[in-house]
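Copied from TrEMBL, the annotated features are:
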type     : residues : note
TRANSMEM : 43-62    : transmembrane segment
TRANSMEM : 82-103   : transmembrane segment
TRANSMEM : 115-135  : transmembrane segment
TRANSMEM : 155-172  : transmembrane segment
Amino acid sequence: MVRGGLHCEKCGSFNNSWARACTSCGEETDLKMQAYTLEKMPVIKLVVLTIITGGIYTAYWFLARLNVFNSFNSERKLGQGIFGFIIAGCIVNIAIVFYLAFAGAGLDEGFALRLLNTSNILGFAVNVVVLVQTFKLRRILLDHYVLHLGREVKLSWVWTFFFHIFYLQFKINRL
């Protein structure tokens, strides 16, 4: 039995895929339900948006697709709050870089070095969180497509480790 989330064509309400009728309007679900679909996006566009936004787009990418990912049939689900940390961390890093770039000549060298170290540590923490969420999403995709839908989908952990959401988007584009 495939489990997941579907929307009623009549009223748009969210229902489970095994529901025989919409829980909101009562409409029968036979051929009246549409499954969530994963948004396809050129990987180069994803790379450019991530660079331009200083990494903030990474969190947006997850958040924009959060309902879709969490509707998949997997015991694992993505939480929303952790992406706030990613956004905040990226914003603080961008602020530190701009501050050092524009006030760098007049700053005490020790203070500038501490700011730079803070930025490096924060950047590392943000990247670890993104990596963990990326592997969590990889597992959700494998659970849904391989275990529950019986589709042959391979998601390399090595490629996921090195290319994060860029690799997952590449694979999503081919589903």
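Glycine residues also receive a Cβ, built from the backbone N, Cα and C atoms like all the rest.
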Intrachain neighbours beyond the transmembrane segment (82-103), with Cβ under 8 angstroms and 6 or more residues off its ends: 53-56, 58-60, 62-63, 112, 115-116, 118-119, 122-123, 125-126, 129-130, 133
Close approaches to the transmembrane segment (155-172) from elsewhere in its chain (Cβ under 8 angstroms; 6 or more beyond its ends): 38-41, 43, 46-47, 58, 61-62, 130-131, 134-135, 137-138, 141-142
